[in-house]
Amino acid sequence: MVEVVIQRYTREAGVRNLERNLAALARAAAVRVAEQEQTVPLSKDMHRLASPLLENRLSEGAEVEMEIIPMNESNHEIISNTFSIASPLVVDEPMLEKVLGPPQFDDREAAERVATPGISVGLVWTAFGGEVQFVEATSMAGKGELHLTGQLGDVIKESAQIALTWVRARATDLKLAAADESNLLEGRDVHIHFPAGATPKDGPSAGVTLVTALVSLFSQKRVRADTAMTGEMTLRGLVLPVGGIKDKILAAHRYGIKRVILPERNLKDLAEVPAAVLGSLEILLAKRMEDVLEQAFEDGWLWKQHSKL
């Protein structure tokens, strides 16, 4: 049940909320044990211990606690007034929901949120540890402008501009547009949003995630929901290393992600990640943006297929 509490009720870098939830369960369990505990009077006839009540409770695994009064000095007899019966308490999922409420997190969240084209899953580092960050892109009629929302810093805004420029420059090679229609923004705008708008976001490590979301949008192909990524990208399509790899991988593992795309030059940082976590993930290394796209989509070499929005 501890693992269920971690997966469904906590999603943080530390263990403060986990401690609170376990403490709440412990208090609830203590109350239930006290309520279930029964006290049965005893007579001097010890054969009464074989009463049907006691036999039934013992067969269920109950524990019997005897209350012993010191020996009487006059007749040296041991006098036992009562015994109590306490049944073992099993913490199951119905008890979790009754004490902690409905689950706050679901392993199917990523699959539900990446159900349409234009959405990719990134990994970011915060002061509280690694986090999973979704990137959403959509297009509408307009004048070829880029709109960004989500309380973003200057660096991440520049990454978005670089990502769009790279996709537009490679539109023909990626089979996102015909040779005579290479301008992807002709008559339309692109809007990129980083959910959790109340949380400030900045840094270059969303570069590959932004490109993947844009390619998904223009090709109308969905990104794999079990895959998250991180990495800075240059204007020429090189994938550069980023920091916070250990925290990011732990966040992916905590979220239920199965595949993680990392810059090839971050390979050395995997030594800091616990072996048990690495064993549950497929780590994919990328040197260029094409490597990222090959791993991010079910169809692999996406640019070999022709698709137009």
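The backbone N, Cα and C atoms fix where each Cβ goes, glycine too.
Unlike curated entries, TrEMBL annotations are predicted automatically.
Annotated features, as they stand in TrEMBL:
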- Ser205: active site (ACT_SITE)
- Lys248: active site (ACT_SITE)
- 114-299: domain 'Lon proteolytic' (DOMAIN)
Task: Which same-chain residues, if any, lie at least 6 apart from Ser205 (active site) yet have Cβ under 8 Å of it - done: Gly122, Leu123, Val124, Trp125, Thr230, Gly231, Glu232, Val242, Gly243, Gly244
Task: Count of other CB atoms lying within 10 Å of the CB belonging to Lys248 (active site) - done: 29
